[in-house]
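A.B. asks: Taken from TrEMBL, the feature L-glutamate binding site covers A:Arg44. As annotated by TrEMBL, pyridoxal 5'-phosphate binding site applies to A:Ala78, A:Thr79, A:Trp104, A:Thr157, A:Asp179, A:Gln202, A:Asn244, A:Thr245. Marked as domain 'Aminotransferase class V' by TrEMBL: A:6-356. Taken from TrEMBL, the feature N6-(pyridoxal phosphate)lysine covers A:Lys203.
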2 protein chains.
Amino acid sequence: MSAPAIYNFSAGPAVLPEAVLRTAQQEMLDYNGTGFPVMSMSHRSEMFMSILHHAEQDLRQLLNIPNNYKILFLQGGATTQFNMAAMNLAHGFKRADAVVTGNWSRIAYEQMQLLGDTQIHLAAHGGELFDYTDLPAPDTWDIAPDSAFVHFAINETVNGLQYQDVPKLSDGMPPLVCDMSSEILSRSFNVADYGLIYAGAQKNIGPSGATVVIIREDLLERCPKNIPNVFSYRAHIEKNGMYNTPATYPIYISGLVFRWLQSQGGVKKIEQINRIKAETLYSAIDNSGGFYTNKIHPNARSKMNVVFQTQSSELDKTFVLEAELAGLKLLKGYPSVGGMRASIYNAMPLEGVQALRDFMLDFQRRYG
Amino acid sequence: MSAPAIYNFSAGPAVLPEAVLRTAQQEMLDYNGTGFPVMSMSHRSEMFMSILHHAEQDLRQLLNIPNNYKILFLQGGATTQFNMAAMNLAHGFKRADAVVTGNWSRIAYEQMQLLGDTQIHLAAHGGELFDYTDLPAPDTWDIAPDSAFVHFAINETVNGLQYQDVPKLSDGMPPLVCDMSSEILSRSFNVADYGLIYAGAQKNIGPSGATVVIIREDLLERCPKNIPNVFSYRAHIEKNGMYNTPATYPIYISGLVFRWLQSQGGVKKIEQINRIKAETLYSAIDNSGGFYTNKIHPNARSKMNVVFQTQSSELDKTFVLEAELAGLKLLKGYPSVGGMRASIYNAMPLEGVQALRDFMLDFQRRYG
């Protein structure tokens, strides 16, 4: 290809490894000599069951998921999952706790209040005035042992915050329910610290349409019998993820991404590269003499979504436009936040981040 | 390709037009010169918004959808939709009516009872003993004007039944809510006869993961404000289908299928071919002197899912195995029904149906 490289900084659906797309392209009409396109396979066929099984096994290996945790590939994204978490795990409880640290955990907190009789208690929030520039330390969370669960988002995609140390609650505390959409597979962590983990695939895994759910087996006993099966974790587990037709093609692509990640050396290896990528951009911001700013407390900065701005929204617009022409795509910040946002998930190569850093330096020379 | 043709009779995810797959293959890494893979496009990017807009417009053209109907591409399949129908349209009503004519409408009837205070009234059922060999005529449905809606499935994928004449209720009757998963785009009908139409894409449209919803605008006023947004039709409409990240790639493929259908001459043209396809198989069954049987009343036979069996389940197994070797794939019937099922949606070419007919004749010669 003679065209200049394009780097896609979309927050999601986000960049996918080129090797994955090339495999998908090659197998589009004939998966692995079966004569079947993946998209046309019955979800109950041995061919697709094998794809699903391997995707599960590879995810289990990558995250070192203990045997007492079940994996599901559901639909509906993170937005469906916090509702399902409340429907399934809060039944019979007077209280559930929610930590609000940005756009996503705020929506979850608000929406979960619409389900059932459980009071959703605001356990902590980020910034005195909900300005989301810092994260409340887990030991300041106002949580109760008899609470159904503690919900939080470990990485806030819109606001660019991320817990550096994964919260670990003491024994006797309720299970952690975590939105890991922009976090999962970007660094190693201990699955056993959580009760329920969910993640929309379209950031660090694959295409939108698939949603990963990892749930501790004993929590399935909480799932009430009087909710529709499609909203019941237990019903999905009892049917081995086949209660209804899953999003087969997004699952297939997710499986290819898992294999790609294994070929890259796994989560620990990608974590090192992710650290370098994030440092490259934050250094450029911090060394710009105030030309670029990032308002997030240094300890709360996200390694996945780097939010920054210049001194004026007009100049931000110019930045986004010129970056676009230079092949650095979709850097516009979320509307409610403004400025720029560079999402640098696993599939964003270091070269892309370096190209953005070089562009930032050049842009500052020209406009600073 | 020198390999013999493979014909895929899966009930869904089902066969897709080869031309669609070839386009998807070609555009996998670069959609239309944008330099972007469709899977990596932000759902809020102009590129994807254009894909979504054209898919909507093409579906509107193909089905002649009036302006007072809104179109959504949601997630979660038909199984999520009958629950959403009940959550959104039954609020404040004492009663909703459900017609049970096979596996799918039975599940909908059972599951909808778990939501809210509305009594789900069994308005009619198929066969004296729920044996699903015939369809209750719409004028025998026990429905009430003050009912929230009448739910039914116009085609029963598992059992192989289909209403030949589309039910049309008299004025003052509640809106029809219809599961059209295996029916949509297979023949022409009048959208205005319905209040809400939904269809999992994986039969007559595209890959699993996308779900088409067509809803009459005035019904949106019924959507209660106290349900989570992700389950609210109104919330999805207010955000133009972008309340949460849609399943972008399945929507893109669905859009390619809509264009393919236009290139084939549209719904009226494909309806003629579908009639010939169904007649080809039912003739083979009816002219087999009892070697093959189909228990469905002739007026209730599905043109999309042709269910048949031989005189023994052992011979059925042999049929499925030998057909598989002859390139006629996934003909095994649904477990609860047994026998064989040939799903012959729009994308199944007449040649595939003729190949199955020829195989049936040959099989009968050898085993009859």
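Every residue, even glycine, has its Cβ placed from backbone N, Cα and C.
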A.B. asks: Are any of the recorded positions A:Arg44, A:Trp104, A:Lys203, A:Asn244, A:Thr245 near chain B, where near means a Cβ under 8 Å from a Cβ there, and if so which?
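C.D. replies: Sorted by position along the sequence, the hits are A:Asn244, A:Thr245.
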A.B. asks: What whole-number value in Å do you get for the largest C-alpha pair distance within A:Ala78, A:Thr79, A:Trp104, A:Thr157, A:Asp179, A:Gln202, A:Asn244, A:Thr245, the residues recorded as binding pyridoxal 5'-phosphate?
C.D. replies: 30
A.B. asks: How many other Cβ atoms sit within 10 Å of the Cβ of A:Arg44 (L-glutamate binding site)?
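C.D. replies: Around the Cβ of A:Arg44 (L-glutamate binding site), 16 other Cβ atoms lie within 10 Å.
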A.B. asks: Just to be sure I understand the packing, how many Cβ atoms besides its own are within 10 Å of the Cβ of A:Thr79 (pyridoxal 5'-phosphate binding site)?
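C.D. replies: Within a 10 Å radius of the Cβ of A:Thr79 (pyridoxal 5'-phosphate binding site) lie 23 other Cβ atoms.
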A.B. asks: So what's the average pLDDT for the domain 'Aminotransferase class V' (A:6-356)?
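C.D. replies: It averages 96.
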A.B. asks: Which residue, out of the binding-site residues A:Ala78, A:Thr245, shows the minimum number of other Cβ atoms inside 10 Å of its Cβ in this structure?
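C.D. replies: Across A:Ala78, A:Thr245, these binding-site residues, the one with fewest Cβ atoms within 10 Å is A:Thr245.
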A.B. asks: Below 8 Å Cβ to Cβ and six or more residues apart, same chain only. Which residues does that give for A:Trp104 (pyridoxal 5'-phosphate binding site)?
C.D. replies: A:Ala78, A:Ala153, A:Glu156, A:Thr157, A:Val158, A:Asp179, A:Ser181
A.B. asks: Could you tell me the C-alpha distance between A:Arg44 (L-glutamate binding site) and A:Gln202 (pyridoxal 5'-phosphate binding site) in angstrom, no decimals?
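C.D. replies: Distance (Cα to Cα, whole Å): 24 Å.
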A.B. asks: Quick one, of the binding-site residues A:Thr157, A:Gln202, A:Asn244, which Cβ has the fewest other Cβ within 10 Å?
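C.D. replies: Sparsest of the binding-site residues A:Thr157, A:Gln202, A:Asn244 by Cβ contacts within 10 Å: A:Asn244.
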A.B. asks: Compare the Cα of A:Lys203 (N6-(pyridoxal phosphate)lysine) against each of the binding-site residues A:Thr79, A:Asn244, A:Thr245 and report the nearest.
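C.D. replies: Closest recorded candidate to A:Lys203 (N6-(pyridoxal phosphate)lysine) by Cα: A:Thr79.
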